[in-house]
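J.: Here's the feature list from TrEMBL:
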| type | residues | note |
| --- | --- | --- |
| TRANSMEM | 31-53 | transmembrane segment |
| TRANSMEM | 74-94 | transmembrane segment |
| TRANSMEM | 106-126 | transmembrane segment |
| TRANSMEM | 138-159 | transmembrane segment |
| TRANSMEM | 194-216 | transmembrane segment |
| TRANSMEM | 237-254 | transmembrane segment |
| TRANSMEM | 266-284 | transmembrane segment |
| TRANSMEM | 291-308 | transmembrane segment |
| TRANSMEM | 337-361 | transmembrane segment |
| TRANSMEM | 373-398 | transmembrane segment |
Amino acid sequence: MDIGAVMNTMRDPAGIPAQPVIFQVLMVLTWVLHIAFVHLALGSAGLAIYAFHRRAAGGDWARLSMAMTKVAKVCVSLLIVLGVAPLLFTQVIYDPQWYTSNVLSGRWAIAFIFTLIVGYCCWFAFYHANREQTKRQVGCYAWVALLLFCLDGLIMHALSYQALLPAKWMSWYAPGGVVDTRGAALHAIQWPRYVFIMGLSVPAVGVYLIAYAHYFAPRTDREAGYLAFARNLGKRIARWGFALSMLPMLAWQLDLPAGTGLVAQPVGWLILAGLALMAIWSGLLSDRTNGYMPAAGGLLLLSLLALWREIVRIRYLRPFGYDIRSYHVNPDWPSTVLFFLTLAGIGGLVGGFYLTLLYQAGRNERCYDADRYVARLATGAVSVLGVWIAAFFAYGFVISVRDSFN
Ligand code: HEM
């Protein structure tokens, strides 16, 4: 059986509504946001637990633990919401691979949702119980949550990785010629890739702490001593985190299959160089350096990683004759225009308004008064939202009426 022909046949016969490269770029960009919040959630959860167990040592550990518990709580919800966009784009251009991989591990794909729900509930239990005088046992909730989140990352990884190995699908579907429809196994795990991507959570919480100290500097209710503690801890975690991440990244590089030419590809090595640079820079940061800069450097590195994952996917699938550029395009301009206008209007203006508002309000410990600029943004956001809802329903109504007469 020619598995390449099978993959191309499994594509959506209706085609896709715009050029495949548009979906590819959006997939890579939106994945950066997803994984950034995965890293921050896991990193802050880990630090919250560590700080919780160090409370007895005194100092600012109890306070840091409570703060990081809140950060993880918010980040889990954001990583879920922001995971939807790359999921949809993957399903548009890599539908044969993604669905096959999900069906081959069907039980795990479904277990992913339940374990995420249980893990998140456990985190909330920890969040409510994590106070200065709480008993040590409360930490169990947090451990269970963190382990379940790591399991979810493993499931995500296996689903992504199995999708790259079409030559093995038949042996997983019908081992020894006997069909096994249980979907009970995670068939392929590339440990260096998993450990590297998940391990970036450590430097992520480091650069976050540096930004955290910078952000709260104008507030008088966050004492300078506590912020200095957070910043110095962040510098140490970032330095060691970036440096240690080089090991699994190197192992991933050396684990890449020879025939794909990936080892000679510069982007993978550029990531390694980026990790080294970030490790050195984090150690040299002076107190005058803008605290947001290391986080910006981290995001740049994540963009390289997102690009690298896509290069890896293209190279793994190329020998099977799978190329997204040959996907049948069935242009649908109105929906494409609606999509981009939504992205700019709702994502840009409404999202921009919320972010500006939250940023400014959070830096102010007293009653917050929006300035004229934010007030104008608010008016713009509400107007755009109104126009968007009207256009959405009008468009749907016109299409339904037109279809019912055809
Ligand atoms: C705690 C929960 C989660 C963790 C720890 C996690 C972690 C990860 C990791 C590590 C990867 C990269 C895998 C690899 O390249 O080897 C990944 C990819 C991905 N995740 Fe998540 N994730 C979580 C939840 C979600 C959710 C809820 C969604 C969707 C709503 C989602 C959507 C995606 C998508 C679409 C990809 C890329 C798949 C691909 O390109 O093949 N993730 N995630």
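Placed from the backbone N, Cα and C atoms, the Cβ positions cover glycine too.
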J.: Between the stretches 31-53, 237-254, 266-284, 373-398, which one has more Cβ pairs under 8 Å with the transmembrane segment (138-159) than any other?
T.: 31-53
J.: Who are the long-range neighbours of the transmembrane segment (373-398) in its own chain, taking Cβ under 8 Å and residues 6 or more past its ends?
T.: 334, 338, 341-342, 345-346, 349-350, 352-354, 356-357, 360
J.: Near the transmembrane segment (337-361), which residues from the same chain, at least 6 beyond its ends, have a CB less than 8 A from one of its CBs?
T.: 368, 370-371, 374, 377-378, 380-381, 384-385, 387-388, 391-392, 395
J.: Restricting to the same chain and to residues at least six past its boundaries, which positions have a Cβ under 8 Å from a Cβ of the transmembrane segment (291-308)?
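T.: Same-chain contacts beyond the ends: 28-29, 31-32, 35-36, 39, 197, 200, 203-204, 206-208, 210-215, 217, 231, 238, 267-268, 270-271, 274-275, 278, 281-282, 285.
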J.: Tally Cβ pairs under 8 Å between the transmembrane segment (74-94) and each listed stretch (31-53, 106-126, 194-216), then give the stretch with the top tally.
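T.: Comparing 31-53, 106-126, 194-216: 31-53 has the most Cβ pairs near the transmembrane segment (74-94).
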